[in-house]
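Notes follow the structure.
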Amino acid sequence: MASLSATTTVRVQPSSSSLHKLSQGNGRCSSIVCLDWGKSSFPTLRTSRRRSFISAAKKETIDKVCDIVKEKLALGADVVVTADSEFSKLGADSLDTVEIVMNLEEEFGINVDEDKAQDISTIQQAADVIESLLEKKA
């Protein structure tokens, strides 16, 4: 009796709308991607984050967010704050983060939903949310 064998190669190329930044510049992943075969014959791709977005914030927005964070956390001039800086690594606790978001809302004239506010942990994420809300507002 003859046997039949086949190999299938599947390549997944994410679209630009589904891309998200895996590394925060420190070599660690910021989210986990899982491949799950489940009960179907086709795999499904899940991420640990509910929503991710592509970096689209303007440099001016990022710089302004950096200034606000440095002021709120009373960071010295020698402390380097970049788009990849995490609030917690700059010394912010959860209350500081809430106050930072409130300062950003006031400065940019926006209202950040609680769900989005909880997902903000870096300068870049804050700037992306601000840009997104300003676009909707215009």
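Even glycines carry a Cβ here, placed using N, Cα and C.
Looking up Ser40, Ser52, Ser94 in Swiss-Prot for O-(pantetheine 4'-phosphoryl)serine, the annotated residue turns out to be Ser94. Per DSSP, the secondary structure of the domain 'Carrier' (59-134) breaks down as 50 helix, 2 strand, 24 coil.
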